[in-house]
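Encoded as C-alpha cells, the structure appears first; notes follow it.
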C-alpha cells in the first residue's frame, strides 16, 4: 500500500504516524469545542486530557506488544514496542484509565465522557486513514468494491495482503461508521440528559460494529474462529450491556423533549 506519505527534507514521514498525530489534534479541537459549548471548560481538565493522551498511547502500544509476544515469543517485545502496531481497543482502554488518573491528580470530579465521545469518534476516523494507507486492507472478497494489491506492493510493504485478489476495504468501513457516529452524536447530543451516557452509547455501538467488521479484517483467528479483538469484546460486552440496561431503567435515554414535558395535571 502506501506506508510513506511523503518525504520532507530527506526525512520519511510515515502515513500511519502522520494520521495518528493528526487524529490527536482533531480530537483535542473537538473536545475543546464541546467543553466550551457546554460551558464545562475548567483548568482541572488539563490533567484529564494529558492522562487520556498518554494512557491511550501506552494502552495502544502495550496491547500490540502483548499480541506480538503471544504470537512470536518474548524476543519480539522490543521490536513490537518500537516498530509494532497499535491497538484501538487497547488505546481506548488505556485512555479510559489515563482519564481516571488525570481526574484524581487534577481534582476534577465531573463527568467528561460526553466531551470525549464525539472527539474520540472523529479522531479515530482520521487515524484509520493511516491504517488504510499502511496496513493490509482486509480478507479476500468477491464484492465489487474489493481492493486489489499487486505482487510488487504486497511484499514487503503490505504484509497480510493477498496479491491479485480483491480484499475488503475494512478500514474504510470503519471510517464510514465513525463519521456517521460523529454526525449522530453532534446532532442528538443534547437529547441525552444524563451526563456520561453519550459516551456509553458510543462505546456500545462501536463494540457491536467492531465485532462484526473484524470478520472482514486481515487479523488471524484464534479461538472459535474469533480474532483477539473479538475475544476481548466478548469479555467486556456484558459490562456494557449491564450499564445500558441500568441506564435505560433509570430513564437516562429519554429525549430532552420528553423530559421537558410537564407532568399531567400541572400548569
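Cβ coordinates come from backbone N, Cα and C, glycine included.
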If TrEMBL is the reference, give me the range from 153-170, 171-188 marked as transmembrane segment.
171-188
Quickly jot the same-chain residues contacting the transmembrane segment (13-33) by Cβ under 8 Å, restricted to those at least six beyond its ends, or write none.
2-7, 41, 49, 53, 86, 115-116, 118-120, 122-124, 126-131, 133-135
Who are the chain neighbours of the transmembrane segment (225-245) in space, where the CB to CB distance is under 8 Å and they lie at least 6 residues beyond its ends?
67, 87, 89, 200-201, 203-204, 207, 210-211, 214, 217, 219
